[in-house]
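A.B. asks: Input: one structure, supplied below.
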Amino acid sequence: VATVDCSDYPRPDCTLEYMPLCGSDNKTYGNKCNFCNAVVDSNGTLTLSHFGKC
């Protein structure tokens, strides 16, 4: 199972760096920052499906 450490989040500003991750909601997030902010917003219900686009 792929995991991402989101302990440093949320962060107010994410870079535009493109390193896509696919969430358990079947949505592609542009980078770890965007994904981790969404994880925090979901109260931990969102998880990483896999690295790369969904």
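Glycine too: its Cβ is placed from the backbone N, Cα and C atoms.
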A.B. asks: From Asn26, Asn43, pick the one Swiss-Prot annotates as N-linked glycosylation site?
C.D. replies: Asn43
A.B. asks: Given Cys6 (disulfide bond) and Cys14 (disulfide bond), what distance in Å do their CA atoms have, once rounded to a whole number?
C.D. replies: 13
A.B. asks: Can you tell me how the residues of the domain 'Kazal-like' (4-54) break down into helix, strand and coil by DSSP?
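C.D. replies: Helix (H, G, I), strand (E, B), coil: 10 helix, 9 strand, 32 coil.
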A.B. asks: Hey, how far is Cys14 (disulfide bond) from Cys54 (disulfide bond), Cα to Cα, in Å?
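C.D. replies: Each residue's Cα considered, Cys14 (disulfide bond) and Cys54 (disulfide bond) end up 20 Å apart.
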